[in-house]
Amino acid sequence: MKRVVISLGGSIISMEKLNLEFMEEFSRMLGNIKGYDGFGIVVGGGKLARTYISDLRKYNVNDNILDEIGINATRINALAMTTFLDDVNSKIPTTVNDAAEMMHDYRYVVMGGTEPGHTTDTVAMLFAERINADVMINGTSVDGVYTEDPRKNRNAKKIDRMNYDDAIKLSIENSIGAGSNVFMDITSLSIAKRSGIKIFVINGLKIDEYINILYNGTCNGTIIE
C-alpha cells in the first residue's frame, strides 16, 4: 500500500480567516494525483486556536483546558477540510488508531490533534508510522528548514538536506529562548528517525511542491532522512 501523510500547519489553514481558497486548491490537487492508495491529512489550529487560547489565558484558565481548546480548534479545521474532498471521513477521529482504521474505508482521512502535549506534527508522524507510510510532508509557513528563524534573521540560511540527528539537534537549539520558533518538535523527529520516515518540509501554500514530491520525490524545501 502506497500511502502518504501530510501535516498542514495551522498558519496556512487558518490565518486572519479560514483559507478556503487553499483548501479547495489543495483538495483538487490531491484528487488528480494517481498512483497512491491513500492520504492521511493532519490539520493544525492556526488563528482559531491562538485567538481562543490568548483570550482565555488573560483569565487565568489552566493550561490543560487551553490544550483541549487548541485540540478542538484543530478538529474544527479538519472538519472544514473534509468538505472539499470526496471519499473522505465525515467524523473526525480523536486517536491515531481510529484514523488508521478509517484508512481501510476512505482514500482520505483528515484529523486534527489528539491529546495534550502532542503537536499536530507528532500526530502526523505517529499516523505515518501506524499506516506504514514512507513519507510525511510538512506544509509550513516558510519554505523549508533554516539555520535560524528567517522571519527574525535575514541572514538565516535554508538547509536543503539534513539527517535526523542534525534535525533533532537544530530543533533543540531552536526551542531554547524566548519567542522560539521550532520547525518541528523533537518528538516528531524522533519518531521519523526510528521508523525511517522521510520528511519534506515545504511552503505549504505552494501546490506545485506537493506535486513534485508525490511524483518526483523532489522539493524546493528541506528533505530530512
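Glycine is no exception: its Cβ is also placed from the backbone N, Cα and C atoms.
The UMP site in Swiss-Prot is built from Gly45, Thr114, Glu115, Pro116, Gly117, His118, Thr119, Thr120 plus one of Asp63, Asp67, Asp143, namely Asp67.
Each residue contributes its Cα atom, and for Pro116 (UMP binding site) and Arg50 (ATP binding site) those atoms are 15 Å apart. Cβ neighbour count within 10 Å across all protein chains ranks Thr120 highest among the binding-site residues Ser11, Thr114, Thr120. Annotation for the binding-site residues Arg50, His118: lowest Cβ count within 10 Å of the residue's own Cβ, Arg50. Each of the binding-site residues Gly45, Gly46, Pro116 was assessed for Cβ neighbours inside 10 Å, and the highest tally belongs to Gly45.
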